[in-house]
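Per TrEMBL, the features are:
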DOMAIN    C:87-299  domain 'ABC transmembrane type-1'
TRANSMEM  C:29-51  transmembrane segment
TRANSMEM  C:91-112  transmembrane segment
TRANSMEM  C:124-145  transmembrane segment
TRANSMEM  C:175-198  transmembrane segment
TRANSMEM  C:218-241  transmembrane segment
TRANSMEM  C:248-269  transmembrane segment
TRANSMEM  C:281-301  transmembrane segment
Amino acid sequence: MTSLALSGGTRKSRFWPRVRIAAGLLACVIFLFPVFWMVLSSFKAQRDIFTVPPTLFFTPTLQHYFEYMQRADISRRMINTIIVAAGSGIISIVAGGMAGYALARIRLRGAGTIGVLILLSRGVPPIALAVPMFLVARSLGVTDQHITLILAYCTFLIPYVMWLMRGFFLALPKELEESAMIDGCSRMGAFFKIIVPISMPGILSTLIFSMILAWEELLFALVLTNRYASTIPVAIAGIAGDTVNGANWGALTAVGTFTVLPVVVFALLVQKWLIQGLADGATKG
Amino acid sequence: MKQLFGAVSSLSRRALMVSASAAVIATMTGMVAQAEGLGTPDKPVEVRMIANEAFANQWQTLMVPEFNKHYPNVKVTIDGVPYVELLAKSMLDATGPSPTYDIIIADDPWVPQLASVGALLDLRSEEVKGWTSEDFDWDDFNVAPLAASEWDGVQYGVPVRSNMLMMFVNKSLYEKAGVPVPTPKLTWNEFLEQAPKLVQDTNGDGKVDAWAIDTYFVREPLTPTIWQTIMNSNGGSLLDENGKPAFNNEIGVAALETHKKLLEFAPTGAISHGFSESLQAFRQGMVATHINWGSVFKGSAIDAATTTLTPEQVGIQVLPMGSKSAGAHRGIWSGAVSAKSENPEAAWAVLQWLSSKEGEKWHSANLGVFPARKSTLAAEPSEPWLVPVFDALQQAYDAAGEGKMWRIRHPRSDAAQQVLADEHSRFIAGQVSAEEALNVAAEKIEKILK
Amino acid sequence: MATNTMTAGEVRRARSPVRSKLMDAASRWAFMAPAAIILAAMLAYPIIYTVEISFARFDLMTFSAVEFVGWENYAHVFDDYRFWSSMRVTLIYLAFALPIQIVLGFGIAYLINAPWRGRGAVRALFIIPMVVAPVVAGGIWRMILDPLWGIMNWVAGLFGVDGLDWFGDPTLAMASIIIIDTWRWTPFVILIATAALLALPRDIFEAAEIDGANWWSMLWSITLPLLVPIIAATFVVRWLGAVKMFDIALAATYGGPGGATNVINLFIYEEAFRSLRFAESAAMAVIVLVLTMVLTGIFLIGTRKLEDRY
């Protein structure tokens, strides 16, 4: 495997790698404990959630899941969230990845300045952007549409993607594109045929990160959508801010669990495919 | 009125023509116009409403079908927005050239803010009078809830979901402590005397597991309402007749100190408790009293899925007496029609039905929502558990109406409320004295209200 | 890189020199153009609008600037002790949260990157904290840190520490915000770091291993230098994200007690969305923008220095 070298002296001792894995697993367990608590709470009736001391044994209920699924808007919101996260994630990874490549590898007068400007645009507090974006969208008649939200999310995803991908591209050996371009590839061709495949780990991690940011974004979704393009985080904020009955933690944890699942499945698939791909590449190479 | 005309003149031409023609037809040809403004089976009218996410879904699935039994040709779509963003979102929409929403559901202090930008329709204007049923009884509303949607002498809305700050009582914990169960005559002094006894160990394991009170203490805009209520019931008020801050005096300071003193008898960690956290503590049977919005009664006493308490255990009443009166604090959701709505008649029909005697009765019987009308409160409630609730509610309306127990009425009231929340929290956290907190707040609020 | 362009030129020598030069420039700019165009189109107006209303009296009736007032809004902001206290709180949060997350993230990434079957799954599991909605995360952590029955105080009790009021004490409230934020965002660092570790060229390590280098010297003189660009990039991305944090503070402490966790973006949010004071809020946004730009610039210069060194 690629990172074999990092394990350091595998052949000499089997003890340290095991300690290392155990420590990694312990860290994972600690990080997942709050998630475990979330999943556990989602199966509790509301009156069982805040007991003193907390109950580990209780009559589990699926009530929160059913109740929430029955709400008319949940499937629509889920679909919207997927469309918006995928759309903005993909646009950002393409546009941002290319820009990152330009910064890392192409000599381009002024590109550095533009790159830094793009990065610095992230300094604007999102609260300041949301209202004027709404005003623009309203005058163009595109409020409450997916494309508006997708483009709005691109404004904060592209700078991140660009900068992260620049970091990944910088670590690549320089001879790669040269040989490709001597073979007659255009610059763009070399990028997509040679650079992109070899940078897959970085690209996919960055894509996952971008989609997660879009997946849970609340402020823009709140301001730019009303109904047809409204996403899950808006619904979650609504449940948490229930001013009639108090925050329903059963429902909140259920929705929390429900929204985490697709991303975890997606990430697992990507990881599997990624490791597979790397292994293939290693044997071929 | 002038404001309103200003807003109307800046409308898109289409909206103006529609509403003008609707008005003309309404006054001239009666029945025909009504059919048009309220839609026909072939051409139903569509109205959209922006409301608190907490009840938007319930209204859409239960209230709208009921409304449609009476007005089958008005199609109502309700969009929910989380409470804290609802005002900003309503303002953003209502100030546009052609707003999405025909109906705005506004919380207690919001009507002045919405009205001052010309976003709302005068519901007692000649035009709207033509769309108002003759038996719609304005005088039947309690004064306090109706006043929530009045600004500068104009009635912009009707109460559609009334609520009051109330005191909930866990009678079992009182009995266990051997303290007499509170009545509306209870004073703050008596409460503070009894409070140490209500901090108790109920299961005998040597650890305190029940406390005297829990309510809002956290840094948020609704927390100062507790302080304000104590101050109001001692005869203090937020502003004087000239609209200048009048709370930075002895009464205000004493009330603030009382609010903080409650922390001594509240559960560990109550300093970060607000609406939901204190509510949980009460529903878990951890506190003997609980000050919160009346609407949580059903979920705290009746609904076994959300509470560990039984209806017999839970009492509801006004807040303890100060030197002047009992305490309450108003929290009315009012329904208002957008001044730029293209279907104002249909929009008003929705609100009119919901706040009518008939609609209110249906609303409180089926959704447990508190009514604002004297007649509804005086009538036999549909559910037995509503009897003590209605009694307490009527007392709260009277107390609030008399002592002006509501938040600042001003186009910038939310900015002022945020300042109160900040200074209140600094005092609760022990960072400044009560005097300093109130003086700083008064100074800032005076600037804001200028 | 210079040779790179030469070879590309040679390939296209067939066409006229001017045209090929143009084509070449176009093919280079084609990489930068999509990102630059999307961002310029989406951000130009909002940024101009924000700057404009920060110097104006704001009219809620039209949501626009009505009257130029010079630095008045800025004067209001600078006059407000809440602004300064928010800036201080934000700095404290950043000074703790960022280094902890970067070190922890790369450390854990190194640990879990050992060659064993489960590492793909572990990596995927690590992203979950990032996906949990901030409101839900805040709530779960409130349960965990609850002074009465939260598990954190039970663990602290084992070490003889009792009665920590996590959200009631100003210092501890800040600590909880940092803990929650670290829980949420260390996974991002892990995600990027594991990808960077995976992409390291293995032949270098094989050569070093044959040369008899021990793991420490490999880590210090091969791995770390190769990782410098991505560590720096991760830091900058995390910094830009952390500056804007307000959702966790809103969900867990409401900015309290007494403003102890009222980070600047929460204050900006409250001024705009709760108090409807958009002009003051815009003035603060511009101040934050300028400060962020300056600090980011410093970080970028630092990054460049580090990259040049290795």
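From the backbone N, Cα and C atoms, a Cβ is placed for every residue, glycine too.
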Per Cβ pairs under 8 Å, the stretch of C:29-51, C:91-112, C:175-198, C:248-269, C:281-301 packing most closely against the transmembrane segment (C:218-241): C:175-198
Cβ-Cβ under 8 Å with the transmembrane segment (C:175-198): same-chain residues at least 6 beyond its ends: 93, 96-97, 100-102, 104-106, 108-110, 112-113, 123, 126-130, 132, 134, 137-138, 141, 145, 166-167, 223, 227, 230-231, 233-234, 238, 241-242, 245, 248-249, 252-253, 261, 263
Positions whose Cβ lies under 8 angstroms from the transmembrane segment (C:29-51), at least six residues beyond its ends: 282, 285-286
Within-chain partners of the transmembrane segment (C:281-301) [C-beta distance under 8 Å, separation at least 6 from its ends]: 50-51, 53-54, 58, 73-74, 76-77, 83, 232, 235-236, 239-240, 243, 264-265, 267-268, 271-272
